[in-house]
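A quick write-up on the structure given underneath.
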Amino acid sequence: MKWLQQLTHAVIIAPSLPSGYYHHQSPLYRTNLKPNKSFNSLYSKSSLSLSNQTDSLPDQTTRPSFLQEIAALCETDNLTAALTLIQSHSKNATSLQAKEAIGLLLQACGNQKDIETGRRLHKFVSNSTHYRNDYVLNTRLIKMYAMCGSPLDSRFVFDTMETKNLIQWNALVSAYTRNGLYGDVVKVFMDLVSNTEFKPDNFTFPSVIKACGGILDDRLGEVIHGMVIKMGLVLDVFVGNALVGMYGKCGVVDEAMKVFDFMPETNLVSWNAMICAFSENGFSRESFDLLMEMLGEEGLLPDVVTVVTILPVCAGEGEVGIGMGIHGLAVKLGLSEEVMVNNAMVYMYSKCGYLNEAQMLFVKNKNKNVVSWNTMISVFSLEGDVNEAFNLVQEMQNQGEEMKANEVTILNVLPACLNKLQLRSLKELHGYSFRHCFQHEELSNAFILAYAKCGALNSAENVFLGIRDKTVSSWNALIGGHAQNGDPREALHLLFQMTYSGQQPDWFTISSLLLACAHLKSLQYGKEIHGYVLRNGLETDCFVGTSLLSHYIHCGRASSARVLFDRMKDKNLVSWNAMISGYSQNGLPYDSLALFRKSLFEGIQSHEIAIVSVFGACSQLSALRLGKEAHGYVLKALQTEDAFVGCSIIDMYAKSGCIKESRKVFDGLTDKNVASWNAIIAAHGIHGHGKEAIKLYERMKKVGQMPDRFTYIGILMACGHAGLVEEGLKYFKEMQNLNVVEPKLEHYACLIDMLGRAGRLNDALRLVNEMPEEADNRIWSSLLSSCRTFGALEIGEKVAKKLLELEPDKAENYVLLSNLYAGLGKWDDVRRVRQMMKEIGLQKDAGCSWIEVGGRVYTFVVGDSLQPKLAEIRVTWRGLEERISEIGYKPNTSSVLHEVGEEEKIDILRGHSEKLAISFGLLKTTKGTPLRVYKNLRICADCHNAAKLISKVVKREIVVRDNKRFHHFRDGLCSCCDYW
């Protein structure tokens, strides 16, 4: 807020400047003109400078017409005509006139990057005995070629000069610096100081210092800094600015700050360089502080460079408030129409999630350049808005020759090509690139990845084969393409081809392969890659180590992952997060929580990923108290605004039986995204609040949030649990008819479960046969469970046959079939199924319930005889049984699926785990305290009826979560309305 308030004040007091002010008056623009002035000032000191050649001053009556005509032609970019005029007047004009005319034209050729006219003029100069050895013209030739991007020609001019002075050396150094050939700058500088009597000056050093920053060699920069001090140039503002920039580029921010603080004279370039040093090295707050300090300096106003330096910092930090303040300041200072400023503002708003504002600025920009279009295309591409990204590319092509898509445009739009639907557009982009000879390696690699994502691996391989000099990045693109699109074996084969070709894989190569194996749960391939890593000594790489960790976690080998984790010498935040979340994903919540505590003890800053895993672990354990503690920790750490953290808190409370707390968290979210809506809809669904889930779904659409596949899973599940069959069918048809989301197997599973729960078994079976995909084990299991509920023997046997074909080694499937037979009294078939289980070696999971009391979790197993408090629990139950019998309780012996007598069945019912847990909870908690019991299996009809009546006689709420849903028992009623 401090920066925002100061910035607002600055905007208010900043003077409004006339249009075009910065083109003439800005300190930066004056500074940028200094090198030209400096050359002129050096020429004035030379014995051969133009101003000293008074013996050949032109006649005042002829000079204006010839030079003014040349100047006019240069201003109108008619350079060929200017050259012709110079050639035709060379004999008539005085020597000084011709030199000035040639100088004007060389400058114009450089500005227009017209190297052909420049070469013709160079030939004219070389053929003239008057001009070929002229210091000034040769210096301008060096500069012209540098401006045209041809430093080799600059070097040729320099080497052909018979004699040279410091000005030409400086010009060559500047030429290499301008074209980013920083290694050559250093070589020329070393040649200058070693083989000539010239001493570098305040025009030499800025270029050399910039070169040190370009090659990121701060040690060489320090040596040059020492030379500057010895030569007494350290107080020069241009040298100081270059030093600040160099240290900033090299990441030595402390040294940059020292130079800046000790500069006796600073200008706007100095402040911009220091702000840039902070921003490029992640010191965002310091960037903002320095900007505020600069605004307080008398006579200093931000310019284009200031604005385009600070706006990306706002984007990176998500500081849209400060960004808006900068926007306001730019408007006040007349900078907002500058194309660089407009592009930076579009980027800032888009990065901060303000897409409408970004698009509005782009549309209103009347001076768009290629960068403007590329920025906006990148915004839509990264947002996944494929159509808008391609529309902008097509619109860009209609803007004229100067606005055609370049390599950057193609690179920006390729990330939008994610599936087969974009394959045609991808081929069009490839054809365009081919026609325009875009052959940069980075672009080829991007095409390989894009083709792979679109499922065209053959096309990806063709692009790869077309690369003449394949680098590690090229191999990585193809290996990553195969690895991420379902062919890890081929990716592994390519790894061996890569090493055979002489290219050594890097961390990215190995990580891509391991990621693929993890997604496919290919443990064997992952082990082969692990072996390769060990043989080649790559296990010490942090990225490779974390990828191996993730692979073993995804393959369900948490113990192997922990061994790797413990061996890692340099554990980073990513590895801690991977291991904590890995335990949670593998159903090891206690280990996840223990490792999270250890990370805090070792001073590791908790990350949102770890926090989400902690809430997931609390959900698995139904550990409400731990979940509340974690919620408190998150509130203190100010992490509740993170969308994923917010969703995990909603989910934790919901799965702990506290739907009101879930709703409170949801209502308190400032920015509700699709994920948070999905979480609260699903939460109400598992609690049987189908109508409330529907209200939320409709409200979600009204506020403009588009439902996704998870939304429909949640709403279909909610309708299924609440018996709202017609509503569920309506939403399923909505998916199909509106093409909002293509129904997947999980959506059909919800619909079939809903129909099965409602007893519409024939409809459910018909849907199984008509749906586009083969039904999986979950669908058949759900259908068999419904057959058991409604005693549908014929359909049940057909379903069981399919289920046992898919999962012959899962005990639960045999138990469902056995229960179907038992419910119908077919005890011979029950014994046959149980014998099958015995022969296979399968054992039924015992019914288990648990309850949290005083921060501890107590577990009860059906028929448990080892509980230390068992006698007290049984006495409590007998007392409860007597009280509820008075208001209508009768043991439902049909819930006992054993061939025994009625009395024995009643005795078995008394030992059901949820009854033991409820009795224990009543023993150990104070009156009025809600009880929350969790069970691993579906609650039976007898326990369900008993829990309703117990809630009435003890006047408490009892919440039971079974393996399907939540039941809230209160005043003799259940939230499920006996529909479960």
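Numbers run from 1 along the shown chain.
Keep in mind that glycine also has a Cβ here, set from the backbone N, Cα and C atoms.
What TrEMBL says about this protein:
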| type | residues | note |
| --- | --- | --- |
| DOMAIN | 888-980 | domain 'DYW' |
| REPEAT | 165-200 | repeat 'PPR' |
| REPEAT | 236-266 | repeat 'PPR' |
| REPEAT | 267-302 | repeat 'PPR' |
| REPEAT | 369-403 | repeat 'PPR' |
| REPEAT | 471-505 | repeat 'PPR' |
| REPEAT | 572-606 | repeat 'PPR' |
| REPEAT | 673-707 | repeat 'PPR' |
| REPEAT | 708-742 | repeat 'PPR' |
| REPEAT | 744-774 | repeat 'PPR' |
Checklist entry - What same-chain residues lie close to the repeat 'PPR' (471-505): Cβ under 8 Å, and 6 or more beyond its ends? => result 441-442, 444-446, 448-449, 451-453, 455, 457, 460-461, 464, 512-513, 515-517, 519-520, 522, 525, 528-529, 532
Item to check | DSSP-assigned states of the repeat 'PPR' (267-302) in counts, ordered helix, strand, coil | outcome: 25 helix, 0 strand, 11 coil
Next on the checklist: Which sequence-distant residues neighbour the repeat 'PPR' (236-266)? Criterion: at least 6 residues beyond either end, Cβ under 8 Å.
Outcome noted: 31, 34, 202-203, 205-207, 209-210, 212-214, 216-218, 221, 225, 228, 273-274, 276-278, 280-281, 283
Checklist entry - For the repeat 'PPR' (673-707), DSSP counts of helix, strand and coil? => result 26 helix, 0 strand, 9 coil
Next on the checklist: Within the same chain, where does the repeat 'PPR' (673-707) have neighbours whose Cβ lies under 8 angstroms from its own Cβ atoms, ignoring anything closer than 6 residues to its ends? I mean 6 or more beyond.
Outcome noted: 643-644, 646-647, 650-651, 653-655, 659, 662-663, 666, 713-715, 717-719, 721-724, 727, 731, 740-741, 965-968, 975-977, 979-980
Checklist entry - In the same chain, which residue numbers or ranges, 6 or more beyond the ends of the repeat 'PPR' (572-606), come under 8 angstroms Cβ to Cβ? => result 542, 545-546, 549-550, 553-554, 556, 558, 561-562, 565, 612-614, 616-618, 620-621, 623, 626, 633, 637, 639
Item to check | Helix-strand-coil residue split for the repeat 'PPR' (471-505), DSSP-based | outcome: 26 helix, 0 strand, 9 coil
Checklist outcome for this item: The average per-residue pLDDT within the repeat 'PPR' (236-266) comes out at 92
